[in-house]
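Beneath this line is the structure, given in structure tokens, with notes to follow.
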Amino acid sequence: MPKVRTKDLIEQFQLELISGEEGIHRPIDTSDLSRPGIEMAGFFTYYPADRVQLLGKTELTFFDTLTSEQKQERMKALCTEETPCIIVTRNQDVPDELLQASRESGMPLLRSSQTTTRLSSRLTNYLEGKLAPTTAVHGVLVDIYGVGVLITGQSGVGKSETALELVKRGHRLVADDSVEIRQEDEDMLVGSSPDLIEHLLEIRGLGIINVMTLFGAGAVRNYKRITLVINLEIWDQKKNYDRLGLDEEKMKIIDTELTKITLPVRPGRNLAVIIEVAAMNFRLKRMGVNAAQQFSERLMSAIELGNQE
């Protein structure tokens, strides 16, 4: 099922429906828009009929120069069964030929008071967000010092309890248990919570709590870009864990690779503080300050100096 239909654009952007009401449930499957200027001149070989069509001042001014026969021909060619809608911008008058073609084809004809450039930008941003590839991940998403940290791990390892401690320390909860992730752009993942469990946190033995009610509106966020993954796992004595931080592990979600840190869990470890420091250290690395790399370089210099002596 398509995620966006023409009626969604009408509601989102307060568009005026001129005609073609029977077609407002037409699907929109691409975020690309079309301004059919070359089509107005009669070239329809590569006409992208499946896109939302925008008619601005330039297109309609040129349209006025055509003969009556050409006007009818061009508008019939524009209004296809595939076309989600045609939007006339700047509250311009709708040509009679376009109105007639819309009625005959059942294609929605809409009008907006916004300029073509402004409406085009807003439509593109809206459609890219709605049509972006999506997935769901079992975990907790928290905004820590501006870093979107996705905490993963097997059930019962302590993800929600750690998130609760982070919220108490002033950070913001985005989602618990199920994180809906959409790829809004290349290398850009945005996580949010399903509407049903938004702002809720499940603590074993305590039950479900409403974080916004308990800690205030400043303790939650509706969405956050994900830049770091921290995986919690029960401490395995046979496994060698990274002790320097030189090797950077990656995790792929949809088509984006994220930095992943594995934290072993055992009694006595304050996971909330460790995750806080991991987020701050991640920010430092992005700013060009890598403590592990600096230590490694100092160590190599000391070894070389010792060998020379």
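Count begins at 1; order follows the chain as displayed.
From the backbone N, Cα and C atoms, a Cβ is placed for every residue, glycine too.
The shown structure was predicted, so the numbers you read here are calculated from the model rather than taken from an experiment.
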From 66-71, 180-185, 264-269, the residue range that Swiss-Prot assigns the feature region 'Important for the catalytic mechanism of dephosphorylation':
264-269
How big is the Cα-to-Cα gap, in Å, between Ser155 (ATP binding site) and Asp177 (active site, proton acceptor)?
9
If one looks at the chain holding Glu202 (Mg(2+) binding site), which residues at least 6 apart in sequence have a CB under 8 angstroms from its CB?
Ser160, Asp176, Asp177, Ile208, Ile209
Given a Cβ distance threshold of under 8 angstroms, which distant residues of the chain, six or more beyond its ends, lie next to the region 'Important for the catalytic mechanism of dephosphorylation' (264-269)?
153, 157-158, 232-236, 239, 241
Determine which residues of the same chain, besides Gly153, Gln154, Ser155, Gly156, Val157, Gly158, Lys159, Ser160, have their CB within 8 A of the center of the CB atoms at the recorded ATP site, and list them by sequence.
Leu232
Across all chains shown, how many C-beta atoms besides its own are within 10 angstroms of the C-beta of His138 (active site)?
12
Tell me, how many other CB atoms lie within 10 A of the CB of Lys159 (active site), whichever protein chain they belong to?
25
For each of Gln154, Ser155, Ser160, count the other CB atoms within 10 A of its CB; which of these binding-site residues has the top count?
Ser160
